[in-house]
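S.K.: What Swiss-Prot shows for this protein is this:
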- 1-53: region 'Disordered' (REGION)
- 1-66: topological domain 'Cytoplasmic' (TOPO_DOM)
- 67-87: transmembrane segment (TRANSMEM)
- 100-119: intramembrane segment (INTRAMEM)
- 123-143: transmembrane segment (TRANSMEM)
- 144-180: topological domain 'Cytoplasmic' (TOPO_DOM)
- 181-201: transmembrane segment (TRANSMEM)
- 208-227: intramembrane segment (INTRAMEM)
- 234-254: transmembrane segment (TRANSMEM)
- 255-349: topological domain 'Cytoplasmic' (TOPO_DOM)
- 326-349: region 'Disordered' (REGION)
Amino acid sequence: MAALDQQPLLHDGGDQKPPPEGAARRFRRCRTAPSSEPPPTDKDNSSAADAPPKTLFTGGGRPSFRLVGLLLVAYLLLGTIAFYLAMDHMSGTRTTRALDALYFCVVTMTTVGYGDLVPASDAAKLLACAFVFAGVAVVGTFLSKAADYLVEKQEALLFRALHSHTMVRAMEMNKVRYKLYTAGLLLVAAVASGTVVLWKVEGMRAVDAFYCVCATVTTLGYGDRSFSSEGGRAFAVAWITVSTVVVALFFLYAAELYTERRQRELARWVLRRRTTNMDLEAADLDGDHRVGAADFVLYKLKELGKISQEDISEFLDEFDNLDADHSGTLSPADLAAAQPTPDPPPSLR
């Protein structure tokens, strides 16, 4: 009986050995959590739809730009066909019908808008308006993917800054720096190639060629200089698309490198800063003058800007709603009681 009294109240079924002195302590699953899932119900069929989206932090990998590529191909294909059929209603410098249609489609999508080839009839103007908004949607999709990549990259950077070794962090920083250098070299190559083509093929002066290239890659498109020959427009179809994407990637990687540095500096400052009595008071969420591991982690996450007090309050409200017996813990019975009662079949009503 005495031996039974000395056993722990909560026992996992295996021998638990105390960790050696000085060993790192690991957070384990809360013992009050259910060891198995409750029986499946009809509501479980929608669990896949309720699953959170995959990110870099949760193992989803880098956001795919496949959708952007498909939209780009579809836009260029439909736009070329549409403007090919409407080419009789266009005015400006003309070369060949198909090449001019593709050239005008690319200039419209990238919002360069030289003005050397413009719609002349009402039908052509309405068609151009439709493809202007469609092109902006394609560019917006690319920017949204880039923004998602930056946000998810921040999650991965925070995790690595808190858990990885110094050498691994340096390798990740160098990887971003190399991507920025590569994009910079591609940008220089795009500017140089465009300048040479405008100088040699279009017959512009070197300064005018460089001026037109800068106005093009930044999608400014003043319109006083543009591609007018058949060879120049054939080059411009691929060059304008590639150069504008390279510029966007260059600034994306520059923002990523800057964000990564700021994130690492913030994580390093939080980890190295000494915890004071004021920090303990701020971390004491329940006001019992004791700060547990969960309270401390939440305080550090708030300090890093990864979670706010509003988020914590929402989570606590959800916990209170699920805690049917008000025991302070969750069990399968609490979850079953919190589930709404399904409507009976129409035949039983």
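Any Cβ shown, glycine's included, is placed from N, Cα and C.
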S.K.: Report the listed stretch (67-87, 123-143, 234-254) having the maximum count of Cβ pairs within less than 8 Å of the transmembrane segment (181-201).
M.R.: 234-254
S.K.: Below 8 angstroms Cβ to Cβ, which residues of this chain, lying six or more residues outside the transmembrane segment (234-254), approach it?
M.R.: 72, 99, 102-103, 106-107, 109-110, 112, 142-143, 146, 149-150, 176, 179-180, 183-184, 186-187, 190-191, 193-194, 197, 201, 213, 216-219, 227
S.K.: What is the pLDDT of the topological domain 'Cytoplasmic' (255-349) when averaged and given as a whole number?
M.R.: 74
